[in-house]
């Protein structure tokens, strides 16, 4: 931060002698959090939809392995673009209008999926929902942090991630009983409700002050808090300068940038979105008989522990929860890797391909125990992630940046987050294929040879195979 800006107040709303008691701030936060609920539903949608689309019969569109990979990953790629767009909109159009605008691609994307007649329409719908995800993931934390008074800022900020995981769980539960078209129809509900509620909510005081609307800003505080007692108007004289690369020389600018970008990168490199996108596929490959039930259990645990994190975050602190979360995630992923190692070595010593042996050919007790090891380790991973690395990066993103660079800085953080999410989710399928087919790429079967091997991956094809390395020839 430049020397002349050192006295700039980092917090918009500061309590005086008594904490505000207004309840409308919770309603406004709920309305904004319907955006994260919508993008949580969009993230979770692919988990039940992909198996359904892979089993669908003509004339309905059908996904092969490559298309399924893009169906899961393309939403993160367009969300990265949405993060850049949201960073511009949040400073120029305002927080409220940006939330209202992001409802359009949400509804349009799910409507396009509902009406899809081919794979390209499916991918187009995912592109639109991904664009909305990127915008909502940026503006919702900013809006909530700027309307909340300090006593509840941590609680309400954590509710952003809580609504994301509720959206994911909703997609899992609905996918249990609905096929992919009706599931997309359901996805239009949360953004529509957000559009209706946000029309009745005010703009944030922070943005109003940057527009030199001081009386409206004070009226907004009275509306949300119940009174403006204890509110102190921060200086905004440097807001018009915006972001300049020269500012990165100052520790007050580049340190928050490094922290914010690093948190977002490490959050996605943990692999959480690959697990959320392909939960049912993972459990099917882990030979768990009811993969849909396992996904619902995992989503329920995520909601529970995210709620716990929201309640204890202001008392425990951000850094201890991040450390605890990281330790739990390391332990759980190690356990899940151990599961695959045990499955591999337990089948036979001939090759990795014995992982594909049907569960009915294995000893019942051993296979059941190993299946629960897979589910248990993934549930432990989700619990650890929900305690720290899930909600805290999004909360800190809205807290650590100086006010005059918040739009650009949060845009860069969201761009980093979704680009990393794209890399993880897109490469996940390739990594899984390498795990279950350990031979070099040049020896992979093709044509009719692949069709027999594909049947072992639960792809409905039963033609003959003459490939020397095919498990069917062993």
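Residue 1 is the first one shown; counting continues down the chain.
Backbone N, Cα and C atoms are what each Cβ position is placed from, and that goes for glycine too.
Keep in mind that TrEMBL annotations are predicted by a computer and have not been checked by a curator.
Keep in mind that this is a model prediction, so the values were computed, not measured.
The feature transmembrane segment, as given by TrEMBL for the ranges 222-244, 291-313, sits at 291-313. Non-local neighbours of the transmembrane segment (67-90) in the same chain are 39, 42-43, 46, 49-50, 53-54, 97-98, 101-102, 119, 122-123, 126-139, 142, 273, 277-278, 406-408, 410-415, 417-419, 421-422, 425-426, 428-430; each lies 6+ residues outside the stretch with a CB under 8 Å from one of its CB atoms. Segment contact holds for the transmembrane segment (155-174) and the transmembrane segment (291-313), given three or more CB pairs below 8 angstroms at sequence separation of 6 or more.
Along the domain 'Major facilitator superfamily (MFS) profile' (28-474), the predicted structure has mean pLDDT 77. Listed as Cβ neighbours of the transmembrane segment (180-201) (distance under 8 Å, sequence separation of 6 or more from its ends, same chain) are residues 27-28, 30-32, 34-35, 37-38, 41-42, 45, 48-49, 52-53, 56, 96, 99-100, 102-103, 106-107, 110-111, 113-114, 125, 129, 132, 167, 170-171, 174. Contact between the transmembrane segment (257-279) and the transmembrane segment (123-143) is not supported: fewer than 3 Cβ pairs lie under 8 Å, counting only residues 6 or more apart in sequence. Residues 270-271, 286, 309, 312-313, 355, 370, 373-374, 376-378, 380-381, 383-385, 387-390, 392, 435 of the same chain sit 6 or more residues outside the transmembrane segment (320-340) yet have a Cβ under 8 Å from a Cβ within it.
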